[in-house]
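Just below is one structure, and these are the notes that go with it.
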Amino acid sequence: MTHFVSAEEERRVRANDREYNEKFQYASNCIMTSKYNIVTFLPVNLFEQFQEVANTYFLFLLILQLIPQISSLSWFTTIVPLALVLSITAVKDATDDYFRHKSDNQVNNRHLLIITLIIQVLSWMNVRVGDIIKLENNQFVAADLLLLSSSEPHGLCYIETAELDGETNMKVRQSVSVTSELGDQNNLASFDGEVVCEPPNNKLDRFCGTLYWRDKKYNLTNQNMLLRGCVLRNTEACYGLVIFAGPDTKLMQNSGRTKFKRTSIDRLMNTLVLWIFGFLVCMGVILAVGNAVWEREVGSLFQSYLPWDPPVDNFLFSAFLSFWSYVIILNTVVPISLYVSVEVIRLGHSYFINWDQQMFCSQCNTAAEARTTTLNEELGQVEYIFSDKTGTLTQNIMSFNKCSINGQTYGDLTRLFVLLSGEATDPLRLDFTPFNPLADQDFCFYDDTLLESVKVGDSHTHEFFRLLSLCHTVMSEEKSEGELVYKAQSPDEGALVTAARNFGFVFRSRTPGTITTTEMGRPVTYILLAILDFNNIRKRMSVIVRNPEGRIRLYCKGADTVLLERLHPCNQELMNITSDHLNEYAADGLRTLALAYRDVSEDEWETWSESHRCADKATNCRDDRLAAAYEEIEQDMMLLGATAIEDKLQEGVPETIAVLSLANIKIWVLTGDKQETAVNIGYSCKMLTDDMTEVFIISGHTVQSVRQELRSGHRSGQLHVRLSGVSVSLHLGIHTDKEHSGQFALVINGHSLAHALEADMETEFVSTACACKAVICCRVTPLQKAQVVELIKKHKKAVTLAIGDGANDVSMIKSAHIGVGISGQEGIQAVLASDYSFAQFRFLQRLLLVHGRWSYLRMCRFLCYFFYKNFAFTMVHFWFGFFCGFSAQTVYDQYFITLYNIVYTSLPVLAMGIFDQDVPDKRSLEYPKLYEPGQLNLLFNKREFFICIAQGIYTSVVLFFVPFAVLSDATQSTGVPLADYQTFAVTTATALVIVVSVQIALDTGFWTVINHVFVWGSLGSYFTIMFALHSQTLFRIFPNQFHFVGSAQSTLLQPVVWLTIALATAICIVPVLAFRFLKVDLKPQLSDTVRYTQLVRQKKRKPIGRSGRLGARGGSRRSGYAFAHQEGFGELITSGKNMRLSSLALATFASRHSSSWIDTLRRKKHTHTHTPPSDTSQIV
C-alpha cells in the first residue's frame, strides 16, 4: 500500500490529551496493507483486471458474440476461457490479500501497556497520537515514539533496527535529560509536555522537533526517537510518547511500491500482439470485402428463397456485419490463454530457483529465493553486472591482519617463515590465554614479536592499543565475568577493539561520561570528555579523554588521506615510513586506517569545549559549526601508526567472474572504497589480470581535466599512467566493444565520476567504459551507483543486473533491470529490495548461466510454438471463407474451438515451457558461450516471430486444402460421398491436433514423464472428448447444442480420412524435419555441438574432470583504505545518547566452435548501437 507524505506543515502533539490531539485528525495506529475486503473484492479486482488491454479486448469480443446478427459462435467459446483467466488471477490476488489481512490483524492486535491514571492493556490498533506507552525488553515498538524515560541510567535504552534498515547491531537512544526521571507512573500520567515537530516523512535518519514543558523548550533529534519496527533490547522497560502512528510512521512511509519491472520479451510480446490485432483487422476487412462482392454478384440470385436476415437490407451492411463476425471467429490469433500460460511458466521457473540445492548455503542455512516471477527469462539476457565490493565480492568479516607502530611493521608472515633444509614452515597461531585471561579465543594472529613488544612495555605499542580500546563507538555486554560480547556498528570497529582486547587493552564498559578498560590486567577508567564523530566527509573520528592522572589527550583514527595532512611537521620521517607500510598493506587488499594522538592542555580544552558547546546548541548550520570545531582541535597530531584489516574474498568469486567473462558479461565494481583497494580486489578476483597492462585511470578533479583525460587518450591512442610506481600503457583506439574488450580496464574515482556523469560528457564516458573488459568505480555514493546503472540503460540496449548486500546498494538494485541481494553481514535491506536473493556471490553464475539461460530458452520456445499453433488453427477459417460465401461459417465444431487452447494444446506447451532444456546444467557452466544467444536476443525476436507465423500459415494451408481436395471426390465404401461439412470439420480438426502434437514432440529437447503424459494424454483426450461430444447421449439431452451427433464415429471409420490426415501431417512435418537436419549438419549452433559432444562422451569415456583452481595473483602492488562507519554515534555516547572453473579447455573449445555466427551478429548489433567517431577529438 502506498503512503504519501502528509500535507501538514508541522505536527503538534500534547501528551495525555486525546481531546486536543483529535482536533488534528491524526491517523490511528491501525495499519492496512491489504487492498480488498469482502465487499470491495469483486468489483475492485475486476476493475483492475480489465485495466489489462487483453482482458478488455476479450470482454469486447464477448459482447459482440451476444449480438445474434454477427455471432456465428456461441458466447461460451469466449466466456469460458475469459472466466478461467479472470478466476485464476482473482484467486491469486485473493490469496495474496488474505495473507496481508492475516499479517495486518496479527500486528494490529498485539498488546501493549498505556500509561494513564491506571495502566491499561490495549491493542496496537487502539493507540492514538499523544498516548504514553510502556515498552518491555524484547518488545516491538508500536509507533514512532519520543523516548521519555528508561529503566537504564541516564534515560538510555538499546534497540535493534533490523526491520527498518536491516542492521542487526544494537543502537542506543536516550531521552531528553529533563524527562529521564519520569519513571514513576504518576509522573508520567501527569506529564503534559507539548511536542512541535516535522510532519510525517520517510527519512529514517532524521527527526527535528522541540519539546515545550514548564515554560522551557528542548531540542529533539533522531537520537531521542524510537521508530516503529524497532525491538527493545537489553533494557528492562522504557516509556515513550506517541508522535506518529499507523500509516504516518516512518516504517509505513517507506513501504511504497517497488518500481514495476518488465522484461524485453514482455515489451516485444505487447508489440507483437498489437501487430496480430492489426493483422486480424486486415483479414476481417478482406473477408468483409469478399462478402460484399459475393452478396452483390451471387447472393442476390438467392434472395427469393434465402433472403437477408433483418436488419440487413443491402450488401454493404451485410459486409459490415460480416467484418465483426470474422473478428469474433479469428480472435484466437490473440489467445487469452497466452498470458496465463506465461505466468504459470514463470512461476514454475521461480520454484526451480527456490528449490535448487546447489544454490543453498549450508553455513548460513539460506536458500536462493526468487522474490519476483516476472523477470526469470531476462536472467538469460544479462550483459552488464554492477557489483558492490564489500560483503558481495568479499565476506565483510574483518580480521586484524597487520599493523605499523612507530615505523615498525608487524604481521608480515613472510618474515616469520623458518627455513629448515631449504623448506618453509608456517608460523603458529599465538595463544593469548596465558598472557590475558580476557582474550577472545577466536582471534587469530601469528606475529609473536608484537606480543613481545606489548609484554616488555613498549610505550608506543601500549599507546597504539590504548587508542584502539578507547577511540570507537562499540557497546560492550558482559554476560558473565570475563565473557565479553561487543556490539559494533561496523565489522571494522569490532575487529580493531577485539585486537586491542587480545593484546592486553580490554574495553569493558562505557557510560555517557566514562570508558572503563582493563590495561595489562589493571582496571582503568577514563573520563570521556567528547567524541568527535565520524561522517563521510571527515572520514575520521576522535575521542577526547582524561586519564586517571588528569591528563587530557585526543585520540584519532581515520583515512590516511585526511589524517596524515593533520600531523605535526615533526612526524615527516615517520609518516614516510608509515605511508610505505600503508601501500604494502593495500597491495595485499587490506583495509587500512591511520592512528594519531595529541595532548590537550586544560586551557585549550576549556576554550574549545565552550566553542563546541555553542556549535552543538546552534539552531542554524549546526553540522557546519560542529565540523569547524572538530577541525580546529584535530591539528598538529602525533602519528602512532596504522592498522590493516583483511576482508577476505568470498568462496568462488574469481572462478565465477572468469566464467561470467567467458559468457561475454561485463562486470563493473561500484564501491565506496579507496581506488587502490578496489583495484587490488579487482586483481584478487581476476577481474584484472597481470597480463592486462592497459588499465585506464580517470582521476581528474575538474570537468576540464576529466574531459582531457578521456580525449587525450583517444587522440593519441596511447596513454601512460602511473599507478603505485608502475607505468601502464593504454591503447584506446576503439570503435566496437568486441574488438578490444579484452585489452584494457577502466578505473574511475567518485569525484571524477561526478563530472563524467554530466550530460555533456556521459556519452564519452560510456563509449570508453563499455569498451573495457572490466570497470571499477571507486569512492562512489549510493546515488552515483544508481546513476551509473541508469546511464548504461540509457545508452546501451542491454540488460543490466545489480548485486549488493547493504542498504547503500538499494538504489542500484532498484535501478537495474534485475536486482540481486546478498543476504550477508550488512542486514537484509538489499534483499528486501531485490528481485532475487542468495547467500554467496558464486551462486550468480548458476542463476544466470543455468536458470537464466534455461528460462530464456523455454520462454522463447514456448512463444514460438504458441503463435505457430494458433495461426495454424485460426487461419483455416480464413481459407474456408472463400468457399462458404464469406458467411462467417466456422470450420470446426464450436466446442473444439472452445477447448483447443485450454485442453487439447495447453498442457504440452506448458510442459515444454517449464521443463525443457537443450543441454544439462553442467554443460551450461562448462560452455559459457551458450549464454550469448540470449544477450543477442536470437531465440525470439521479430524475425523468429514471422518465421513462426509463416509456418503456422503454411500449416493452415495444408490442413485446409489437402482435406478439401481429397474429400471433394472421396466416397465411403457404400458409395456415399464424403464431401460434407461435418466430415470435413472432423478431418481437419483431427489433422490439426495430430500435426501440432507431432510438432511439439519435435520441439521438445528434454523429455520427462510429465511431457509424455501431457503430449500423448492431450492427444488421447481429444479423441475421448470428441467421441463424447458427438455421442447420441448428449444429443438426446441437449439437441440444440450438439449438432455433430455421430460425425466422429462415421468419419474416423473411413480409411480415406486417415490417409488424408497422414498425408497432411507428412506435408506439414517433413519440410520442418528436412530444414532442421540440414541446419544442424551445415550450420550447427553451439548447443548442437555440445549435445553431440555429450553423446560422444557418454559412448567413449567418462566426463572430463574439473581443472584446478585459478592461481593466486602476486607481484602487483596496490594500496587501499576503508572505514565502514556511520555518523551520529559519537554525539549519542558523549551526551549519554548512547567456482571452480569447469574445464578451461572446454571453455576454449566453446569459444572456438560454432561461435562465428554469434560474433557476426554481435558486430552487426554494435554497428547500430556504437557508431565510430568521425573525429578523434570527439567520442560518440
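Glycine residues also receive a Cβ, built from the backbone N, Cα and C atoms like all the rest.
TrEMBL does not curate its annotations; it predicts them automatically.
Listed features, source TrEMBL:
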ACT_SITE  Asp388  active site, 4-aspartylphosphate intermediate
BINDING   Asp388, Lys389, Thr390, Glu493, Phe534, Lys557, Arg591, Thr671, Gly672, Asp673, Arg779, Lys785, Asn808, Asp809  ATP binding site
BINDING   Asp388, Thr390, Asp805, Asp809  Mg(2+) binding site
DOMAIN    13-79  domain 'P-type ATPase N-terminal'
DOMAIN    831-1084  domain 'P-type ATPase C-terminal'
TRANSMEM  73-91  transmembrane segment
TRANSMEM  272-294  transmembrane segment
TRANSMEM  314-340  transmembrane segment
TRANSMEM  862-883  transmembrane segment
TRANSMEM  895-915  transmembrane segment
TRANSMEM  945-966  transmembrane segment
TRANSMEM  981-1002  transmembrane segment
TRANSMEM  1014-1035  transmembrane segment
TRANSMEM  1055-1078  transmembrane segment
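Across 272-294, 862-883, 945-966, 1014-1035, 1055-1078, stretch 1014-1035 shows the highest tally of CB pairs under 8 A with the transmembrane segment (895-915). If you take every residue in the domain 'P-type ATPase N-terminal' (13-79) and average the pLDDT, you get 82. Restricting the binding-site residues Phe534, Arg591, Arg779 to those with a CA within 10 Å of the CA of Asp388 (active site, 4-aspartylphosphate intermediate) leaves an empty set.
In sequence order, Asp388, Thr392, Pro782, Lys785, Ala802, Ile803, Gly821, Ala830 are the residues near Asp809 (Mg(2+) binding site), counting only same-chain partners six or more apart with C-beta under 8 A. In this structure the alpha carbons, written CA, of Arg779 (ATP binding site) and Asp805 (Mg(2+) binding site) are 17 Å apart. Neighbours of Arg779 (ATP binding site), defined as other CB atoms within 10 A of its CB across all chains, total 20. For the pair Thr390 (ATP binding site) and Asp805 (Mg(2+) binding site), the C-alpha distance works out to 8 angstrom. In this structure, the CA atom of Phe534 (ATP binding site) is 22 Å away from the CA atom of Asp805 (Mg(2+) binding site). Helix, strand and coil residue tallies for the domain 'P-type ATPase N-terminal' (13-79), in that order: 31 helix, 2 strand, 34 coil [DSSP]. Between the CA atoms of Arg591 (ATP binding site) and Asp805 (Mg(2+) binding site) there is a gap of 18 Å. Cα of Asp805 (Mg(2+) binding site) to Cα of Gly672 (ATP binding site): a distance of 13 Å. Comparing local CB density within 10 A for the binding-site residues Thr390, Asn808, the maximum falls on Thr390.
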